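Here's the structure, in structure tokens; my notes come after.
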């Protein structure tokens, strides 16, 4: 608190005295106070100006991501601060056959439908390259490109069938910042498409839901990934859970706006703490999606509302990796042997991404005697490199980096198989 000397008066104080004089607080001892002995304290102490949460977030990102991403960070930072791109997830339940043609006229394309064609082309090329290599002798004379094709085919044999052709999402080309119109209802009131970050569909595609699978979306709200799971048409049963009651209400609204009643009846919406899921229904699901709460880097860098970098949420932010680990462990325990778990975030942070996965692998084996296989998802880079920018430095899983010409993400995803 600021203090200065009162130099204009001499006070006679019979007793100890303190009180307001003018605009200041005067304090003194018994007797005569000579000059310069009476301290005056301002009525209101000056307070430091509040630092915006977005500025705190950017400072944190600058100090950590500049080390993690190196020379890529300035371009990623610029993209985070610019308007992000969206994709239009078509709603197969709506009577909207005209929508694909309408979007194509705007120069938008379905980035998912191209994947099986690319995969088939690469596998055919790999087969041709392998045959030529055999004709040349031992195969040591194969080109680097042929070597890559064979490796791609070997690491992902069911490449053509691992991407659901029933999920359709339209995006504009790189560098095209055209906005989609708002969704419109059909005759029954179901909206024709859902706007979302197209990169957020990659964890759903990685999950590779098969017919009659029992699927758990452990952190389901606000509902984009839940809706995408239903678009596969393969869920025998879908459990959509989120600990937040308010966010669960939003999930209900999404389901009622996009999904007919007979399909909604196959979905159970709950508000359990996801960390406690195993005692509720452990070891029963073929597929589990664990899209955990995170620092939501794009939101934190641009929006003050509900920003986890607010000082009052410091403890919550510091505890995120622990929460994420607990949720991933719950997802692993909820999967049946042979089942798959996809872990995802919308953060660039290695502490929230690969480090959480690595720790979960150790705990699963040490404490539960569960062996986990981390699946190779490098084929996603090749299949979707025309739409997204992928990091080349992930030890586990894949990471979509925001770039100005392809401003999707960040999205991290990693697929685990319970043995």
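Glycine too: its Cβ is placed from the backbone N, Cα and C atoms.
Counting only residues at least six positions away in the same chain, the Cβ atoms of 197, 200, 294, 296, 297, 298, 409, 410, 411, 412 sit under 8 Å from the Cβ of residue 346 (active site, nucleophile). Per TrEMBL, active site, nucleophile is recorded for 346.
Over all protein chains present, the Cβ of residue 219 (S-adenosyl-L-methionine binding site) has 21 other Cβ atoms lying within 10 Å. The annotation S-adenosyl-L-methionine binding site is assigned in TrEMBL to 219, 220, 221, 222, 223, 224, 225, 242, 273, 291.
For 114-419, the entry in TrEMBL reads domain 'SAM-dependent MTase RsmB/NOP-type'.
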- Query: Which one, from the binding-site residues 221, 225, 273, has the smallest tally of other C-beta atoms lying within 10 Å of its C-beta?
  - Reply: 273
